[in-house]
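Quick look at what TrEMBL lists:
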type	residues	note
TRANSMEM	12-36	transmembrane segment
DOMAIN	20-246	domain 'Cytochrome b561'
TRANSMEM	56-76	transmembrane segment
TRANSMEM	88-107	transmembrane segment
TRANSMEM	152-174	transmembrane segment
TRANSMEM	186-205	transmembrane segment
TRANSMEM	225-245	transmembrane segment
Amino acid sequence: AMDGAAPPSSPAGLSAFVAVSQLLGLALLASTGAWLGRYRGGVGWHSPLQFNAHPLCMVLGMVFLQGDALLVYRVFRHEAKRSTKALHALLHGLALLIALVGECWAGRAGLARAGCSPAGDGLFSAGIIAVFESHRTKGIPDMYSLHSWCGMATFVLYLLQWLLGCGFFLFPGASFSLRGWYKPQHIFFGITLFILSITSCLLGITEMLLFKISDSYSHFVPEGILANTLGVLLVAFGLVVGYMLTREEWKRPPLAEELALSMDFKTLTEGESPGGGS
């Protein structure tokens, strides 16, 4: 753009969809908090209620923040690429951290129910091993449910996706051709992991309802209706974000200076002249 010229406006409809996505995200958090607060006793630090932080953190981190991280390149269309890239990585990293806190909270609750002290056991061990310990004390088999399979696979793959994304795009080192090869894989797995995260949440909601209110769930009790509403909101949020990501005309256009830098980077890493064929 020329100096003094106003930045181009967002494509028609994009701002409305961004607003709808954020309203749905806030509704997700409000519904999760209402469910846990009204029917599951809330969230506590030094009590078995610590376990209730697990669904709250997963909805906040692995759905809402992950969705917002995916939308960074749609919302911040005219800012510097490096700043947009850093924000994208930061939001994904924050989502991972919050998800890990949720696992640790659940694990500390498992230790408390098992009669063990969570102090001194280490953050990671309290988050992972204690969940299995809680299952053993209750006589529940480990990793038997579809929710546990999908949830664990999603978290591990999401961490790997974040590490690879930082290695390829945020830090120097990867060549132009290597970045070009990995970018479609990164985009595909980013959308796939977002879908898997929502799927895992839906499975977790259903599993929790069947454990807690299996006798009354089929009678349309208020807790079941609220939890089902949360599930519908999860699907709606996923659909809105997915629609925005697949609209070709809403993709972030490269700035003129970015195209020049891209050619310079290709020349440095591949040894090609800017005027050569690609």
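Residue numbers in this text run from 1 along the chain shown.
Just so it is clear, glycine is given a Cβ too, placed from its N, Cα and C backbone atoms.
TrEMBL entries are annotated by machine, without manual review.
Taking every listed stretch (12-36, 56-76, 225-245) in turn, the largest tally of C-beta pairs under 8 A with the transmembrane segment (152-174) is reached by 56-76. For the transmembrane segment (56-76), the list of distant contacts is 14, 18, 21-22, 25, 28-29, 32-33, 36, 43, 83-84, 87-88, 91-92, 94-99, 101-103, 105, 151, 154-155, 158, 190-191, 193-194, 197-198, 200-201, 204, 230, 234, 237-238, 241, 244-245, 250-252: same-chain residues at least six beyond its ends, Cβ to Cβ under 8 Å. Looking at the domain 'Cytochrome b561' (20-246) alone, the prediction's average pLDDT is 85.
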